Amino acid sequence: MVKSEMKLVIFSLFLLLIGVESLKNGYPVIEGGGSPDYGESAECGSEDSNSADNFCNDICTNVGGKSGDCCLGSCFCFDLPDEQKTVEVMDRTKEYCEFVE
């Protein structure tokens with residue numbers, strides 16, 4: 001009896017883990033963003049990197065992300081919800097932007 005109850009508990013925990021929503025990082029697709037390098041992501045980049053990072057942080061939180069920074073001329077967001085579309089980029093680019101956060 002104890003083994004079957006333990007199996008049920010483990011199975012229940014497994015189902016809970018499957019249902020957990022994961023978050024992703026990337027360049028969010030923004031209608032009308034028009035960055036020449038990253039499709040429809042929000043373009044940033046100015047002489048003042050603090051204002052570019054603040055701009056990107058605002059963009060990213062508006063689309064449901066935790067935060068964002070200007071990376072390689074476009075806004076790169078952290079902890080975006082799964083339903084947010086992101087621009088397809090090489091893994092190396094994504095890893096770079098995650099590293100320099």
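All positions are counted from 1 along the displayed chain.
Positions of Cβ are set from backbone N, Cα and C atoms, glycine also.
Cys56 is paired in Swiss-Prot with Cys75, the candidate among Cys75, Cys77 named as its disulfide partner. Candidates considered were Cys44, Cys97. The record in Swiss-Prot pairs Cys71 in a disulfide bond with Cys97. Candidate disulfide-bonded residues: Cys56, Cys77, Cys97. Nearest to Cys70 (disulfide bond) by Cα distance: Cys56.
When the alpha carbons of Cys71 (disulfide bond) and Cys44 (disulfide bond) are compared, the span between them is 8 angstrom.
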